[in-house]
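Peer 1: Per TrEMBL, the features are:
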- 2-118: domain 'Response regulatory' (DOMAIN)
- 53: 4-aspartylphosphate (MOD_RES)
- 149-214: domain 'HTH luxR-type' (DOMAIN)
C-alpha cells in the first residue's frame, strides 16, 4: 500500500514516517509539508491512502479534501489532527474522509484506522467516537424512536458504544473481536450488557433501534 502523509511539522512528520517504516503493509511512503506538494503527489504518484492534518500556514486541509472532490481523485482519507470539535468532524466527513484520529491517540489507533479505512470501512478514535455518539443522542431527541429513551445510550461505555454500532451493522462477533483487538468472550459480555441497558432481546431489535434513531 502506498501512503501519503501530509503535515507541516517536521518532527511529527518524521516520527510518523518512522512508524511506517516498521509497518509491513506500507509499501511506499510519500510525505508533504503543504497542500500544494500533496496535490502534486496525488496527481502524479500511485497513492492508495491519504493521511492529513488540517492546520497549515497557508492552505488548509479542508482545501485539500475539496480539491480531491473537485478533481474526482478517489482515495480513502484519514484525518490526523489536534482539532476535536464536532463541526470540524462533520465538515471533513462531508468532504469524504473515512477516518478521524486525534494526534493524542497514539500509533495503535492510527494503525487500526489504516486497516479499517484501507479496506473500505470507517474508523474514529475513542475521543471522536464519543463525540459522534453525543451528537447522535441530540439527533435522537428530535426523533420519536418509537418511545425509546435516548439517554440509555449514554449509559454505554465507550467500548460498548463501539460494539453496539458494529452489532447494529450486522458485523459478526468474531469480526468485532478482531477489529477491536479483544477476546470473543469480552465481545459477548459487552453484547449482554448492551442488550440489558438498551432493553432489547436480540440483534434484530438492536438493528431496528439503531435505524430508528438514525445511528446507522
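In case you wondered, yes, glycine gets a Cβ from its N, Cα and C as well.
Curation plays no part in TrEMBL annotations; they are all automatic predictions.
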Peer 1: Suppose you look only at the domain 'HTH luxR-type' (149-214); what would the mean pLDDT be?
Peer 2: 88
Peer 1: Other than its own, how many Cβ atoms are within 10 Å of the Cβ belonging to residue 53 (4-aspartylphosphate)?
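Peer 2: 21, counting other Cβ atoms within 10 Å of residue 53 (4-aspartylphosphate).
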Peer 1: DSSP on the domain 'Response regulatory' (2-118): how many residues come out helix, how many strand, how many coil?
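Peer 2: Summed over the domain 'Response regulatory' (2-118), the classes give 53 helix, 23 strand, 41 coil.
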